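A.B. asks: The structure under discussion is supplied below as structure tokens; questions concerning it will follow.
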Amino acid sequence: MSSVSIECVAREGCRIGESPVWDEKEGALLYVDITGRKVCRWSPVTRQAQAIPVDAPVSSVALRKSGDYVITLGTRFAALKWKEELVTTITQVDKDKANTRFNDGKVDPAGRYFAGTMAEEIRPAVLERRQGALYTLFPDLSVVKHFDQVDISNGLDWSLDHRTFFYIDSLSYSVDAFDYDLQTGKIGNRRSIYKLEKEESIPDGMCIDTEGKLWVACYDGGRVIRLDPETGKRLQTVKLPVDKTTSCCFGGKDYSEMYVTSASDGMDKEWLSRQPQAGGIFKITGLGVKGVPPYPFAG
């Protein structure tokens, strides 16, 4: 694939860039900076990112059917009105755990917002184990907890036929699959479909392409990998000029561009001088595949 090209499009280094989502209506890329506590929107026209500051670590952002966005903020699901820069809490989870926060989240094909939690990190990827859980916010604003004992709840997506839910708990170094019931949002029959190799490091955010293959960003691995969930084989590796690649999504006019977020937290001066684009947002073109538009939250 000699035609693959990689460009750093947003250089205002995030501390932990995450949750890239293409907003077709705005023709822009949404993403968050978790520890930087801001929700960002980058325009390919102006080549600038706007940022809205928030009052807690913000770990994911999603489109909302009624307009504007929903976010996971601390241990809250919240609504974000962009123009007014207004955040309102929808509901809270993990009320008994002072030391947890949400991490990655994504909306399923029926408009439910799935998001998981983790303990606050002492250092990047160093934290109290098994403090997290996976939740769903339903369109009626009720919340269901699927399971707990999660280390770092991370990448998630659904198969093209909506019958499989893919999920990453980062410190298991595994990409897992569940049977998925689109009518009810229930998941079951968990199994591992891919175990990461040593140089791939820690699996982080994930998205699916129109051929049903998964793309996984490898934190500390400086790459995104393309996996076949049917065979469990790695099909492609795309290396980036930064180590801490965190998540990926498809976007652009026809969803043929891939956007990759990255982090700079935990890097010393010498490391940062070697990787000045750490925390930037990268655009990959020439992959030869397209992505699936994101689903909006129906509530």
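Glycine is no exception: its Cβ is also placed from the backbone N, Cα and C atoms.
Quick caveat, the model's predicted, so the values are computed rather than measured.
Sharing the record's features from TrEMBL:
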- ASP204: active site, proton donor/acceptor (ACT_SITE)
- GLU18, ASN154, ASP204: divalent metal cation binding site (BINDING)
- ARG101, ASN103, GLU121: substrate binding site (BINDING)
- 16-264: domain 'SMP-30/Gluconolactonase/LRE-like region' (DOMAIN)
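Map the listed features onto the structure and describe their local environment.
C.D. replies: Within 10 Å of the C-beta of ASP204 (active site, proton donor/acceptor) we count 29 further C-beta atoms, all protein chains included.
All protein chains shown were included, and the count of other CB atoms within 10 Å of the CB of GLU18 (divalent metal cation binding site) stands at 26.
Listed in sequence order, the residues of the same chain lying 6 or more apart from GLU121 (substrate binding site) and placing their CB within less than 8 Å of its CB are LEU127.
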A.B. asks: Neighbour count, 10 Å Cβ-Cβ cut-off, for ASN103 (substrate binding site): what number do you get?
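C.D. replies: For ASN103 (substrate binding site), the count of other Cβ atoms within 10 Å is 26.
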A.B. asks: Rounded to whole angstrom, what's the largest C-alpha distance between any two of ARG101, ASN103, GLU121, listed as binding substrate?
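C.D. replies: Pairwise Cα check on ARG101, ASN103, GLU121 gives a maximum of 11 Å.
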A.B. asks: Which residues does ASN154 (divalent metal cation binding site) neighbour through Cβ under 8 Å, counting only same-chain ones at least six apart?
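C.D. replies: When sequence neighbours closer than 6 are ignored, ASN154 (divalent metal cation binding site) has ASN103, ASP104, GLY116, TYR167, ILE168, ASP169, SER170, PRO203, ASP204, GLY205, MET206 within Cβ distance under 8 Å.
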A.B. asks: In whole Å, note down how far the CA of GLU18 (divalent metal cation binding site) lies from the CA of ARG101 (substrate binding site).
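C.D. replies: ARG101 (substrate binding site) to GLU18 (divalent metal cation binding site), Cα-Cα distance: 14 Å.
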A.B. asks: Looking only at Cβ atoms, how many others are within 10 Å of the one on ARG101 (substrate binding site)?
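C.D. replies: Step by step: centre on the Cβ of ARG101 (substrate binding site), count other Cβ atoms within 10 Å, giving 23.
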